[in-house]
Ligand code: 48H
Ligand code: FE2
């Protein structure tokens, strides 16, 4: 069969335009495609909640791809082992309670779970601002193409509406900092020293609605709270993503 190049181009433009229009209003927008955002998205999607994951980079996976110092392995502790099982991620027990898995497999399986759960992905898309109107809630995201941001071009953005936003942007806690920068009473303390045990224990407590309509998860939750960092152990990221999904589902009555 000969192939029509214009049909190929038209298929992509038409399909992605349809998806973008469909997601101009959604239940939950997850900002950041690292482990916490992916776990959260997959578990929200499994509950039939309409959600999209917005990732500024070309590839999904955030800091999980790199494992520990570019060794593509991650460690997950006992408390989160059931989530490795849930997502079908293989692991080996290195020492009692310390499980080691391939970071490539972990990212791939989490991403596949989110895709299977009906989550839409908008990659190469940067969240540059949020929408807050009269009710004082974060009710939408201001987005632009990452290459536009990188080139410093003056191109105005689009806005997507959502009932809840999840800040899963990792160390930088980007969405929280955007809200803080507007002179609100939200204060982002910044992450503390390396202390894995404490960081991993406290992350669930920090996974919460930090501003009306805005929930923070993963490393961003610890960064907002001034909590410690943990290095390449990822159980807390998965548990925090799961907790954020449960919290938002409950608020949505689902
Ligand atoms: C769209 C954005 C924007 C934006 C950033 O860093 P991540 O992997 O985040 P977590 O919290 O799921 O996982 C943290 C983990 O990877 C880690 O770094 C750990 C455990 N560190 C411990 C330590 O001691 O160092 O992913 C965040 C994602 C990235 O993919 C960014 O590209 C993306 O968010 N992102 N997406 N719009 N404005 N800002
Ligand atoms: Fe990190």
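Positions of Cβ are set from backbone N, Cα and C atoms, glycine also.
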NAD(+) site partner of 36, 55, 56, 127, 154, 155, 156, 219 (as recorded in TrEMBL), chosen from 63, 226: 63
C-alpha spacing of residue 171 (Fe cation binding site) relative to residue 36 (NAD(+) binding site), in angstrom: 12
For the binding-site residues 127, 155, 219, the one whose C-beta sees the most other C-beta atoms within 10 angstroms: 219
Pairwise Cα distance maximum in Å, NAD(+)-binding residues per record: 36, 55, 56, 63, 127, 154, 155, 156, 219: 32
Between residue 56 (NAD(+) binding site) and residue 171 (Fe cation binding site), the C-alpha gap once rounded to whole angstrom: 15
